[in-house]
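K.L.:
Below you will find the structure I want to go over with you.
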Amino acid sequence: MRSWRPSPSPLRQSMVAVVVVMAATAWCAAAQAAQLSQSYYASTCPNVETLVRGAVTQKLQETFNAAPGTLRLFFHDCFVRGCDASVLLSGPDDEHSAGADTTLSPDALDLITRAKAAVDGDAQCANKVSCADILALAARDVVSQTGGPYYQVELGRLDGKVGTRAVVKHSLPGAGFDLDQLNTLFAANGLTQTDMIALSGGHTIGVTHCDKFVRRLYPFKGSRGGAGGAGPPMNLYFLRQMRQTCPLNYSPSAFAMLDAVTPRKFDNGYYQTLQQMKGLLASDQVLFADRRSRATVNYFAANQTAFFDAFVAAMAKLGRVGVKTGSDGEIRRVCTKVN
Ligand code: HEM
Ligand SMILES: *[C@@H]1O[C@H](CO)[C@@H](O)[C@H](O)[C@H]1NC(C)=O
């Protein structure tokens, strides 16, 4: 920000607008949280948890990729316009075609479609359960089915009626974010630094494509292509390995595991990779590199129970962001389309 500018640039104006929107989102989340409840569907669809879990189990048997994909989908949903399934909308206004992020997992979208079909296939439940709630339940189920904690999910979110395109870019964190940028964005969604570090533990499963961290592998090349900044230093042996995975002429489909040690297990291994300087994204490694967050990383690396407890608490808070319970929401008949 340069103070000598005579008037704010359009970019700066839009960033101010985004911050205002995010603050309003956080405020709404606090104001409406009381309306969510674990027993929301007790009389309208008592089997909802079993129905969703069945669809998740079946999909994960076919492809593990759906697990990290679904967890990430829930995070993006809640940060973009609140947890209202707007991230699932596929139209000219959706996140995928907008070019903001083409990496959302088709397997995760398929998992939600199937879970919705399972729920609506039960006569009692048909058209009574929101896609936003199905996504929140599915995120819990992929965590527990990959070795993570099982926890109760608050329900009662309605599906949003508006696509995501206008806000998606500035709503999500970048792979090159430093600690202050991460804290600012998460705080705008009502989340503390500890919540942010615990939620980043979601990177204990799944992958990242080369473009998100290649700048860290070849900093001296001054490459401008990657999304991440060079960030903190990387373990030298690991860096050599990653240069083989992502050579300078890497293919767009090339990727590496976010948790190199136990990429298919939801555990605290992610924090141990950070201690070993083997975090791939700059935004991951910075949690250990920055003195202000290092103690929490060390704590989660040493005590998996403490990580699981903090993750569960943070997921509940994440699930309350920008929830819709009034006329601004609906129960979508098809998760990818507004009614
Ligand atoms: C803290 C800020 C965060 C940043 C900068 C970030 C960034 C990223 C990036 C760049 C990728 C790789 C995408 C790709 O190349 O395909 C990724 C993947 C992933 N993220 Fe995050 N993320 C953050 C927080 C979170 C949170 C809070 C969660 C969930 C609790 C999460 C869950 C995941 C998962 C599970 C994957 C793997 C997806 C897959 O394998 O399909 N992330 N993230
Ligand atoms: C690990 O964390 C849990 C939950 O916070 C706590 O009850 C337990 O005492 C911790 N264990 C150790 C060895 O510090």
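For all residues, glycine too, the Cβ spot is worked out from N, Cα and C.
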K.L.:
If you have TrEMBL open, could you say which of CYS28, CYS45, CYS210, CYS246 makes the disulfide with CYS125?
P.N.:
CYS45
K.L.:
For the Ca(2+) 2 site, TrEMBL lists ASP259, THR262, ASP267; sort out which one of THR204, THR208, THR325 goes with them.
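P.N.:
The candidate from THR204, THR208, THR325 that TrEMBL ties to Ca(2+) 2 along with ASP259, THR262, ASP267 is THR204.
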K.L.:
CYS131, CYS246: which one closes the disulfide with CYS210 in TrEMBL?
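P.N.:
Checking TrEMBL, the candidate bonded to CYS210 through a disulfide is CYS246.
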K.L.:
Please give the average pLDDT for the domain 'Plant heme peroxidase family profile' (35-339) in this predicted model.
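P.N.:
Across the domain 'Plant heme peroxidase family profile' (35-339), the average pLDDT comes out at 92.
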K.L.:
Between the Cα atoms of CYS335 (disulfide bond) and THR262 (Ca(2+) 2 binding site), find the distance and write it as a whole number of Å.
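P.N.:
It is 32 Å, counting Cα to Cα.
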K.L.:
Can you count the other CB atoms that lie within 10 A of the CB of ARG72 (site 'Transition state stabilizer')?
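P.N.:
Neighbour count, Cβ to Cβ under the 10 Å cut-off: 22.
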K.L.:
Through the lens of DSSP with three states only, how would you label ASP267 (Ca(2+) 2 binding site)?
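P.N.:
The residue in question, ASP267 (Ca(2+) 2 binding site), is coil (DSSP, three-state).
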K.L.:
Of all the recorded positions given, namely CYS78, GLY82, CYS83, CYS131, which is spatially nearest to ASP267 (Ca(2+) 2 binding site) at the Cα level?
P.N.:
CYS78
K.L.:
Show me the subset of ARG72, CYS78, CYS131, PRO173, THR204 whose Cα is within 10 Å of SER86 (Ca(2+) 1 binding site); these are the recorded positions I mean.
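P.N.:
Neighbours among recorded positions, in sequence order: CYS78, CYS131.
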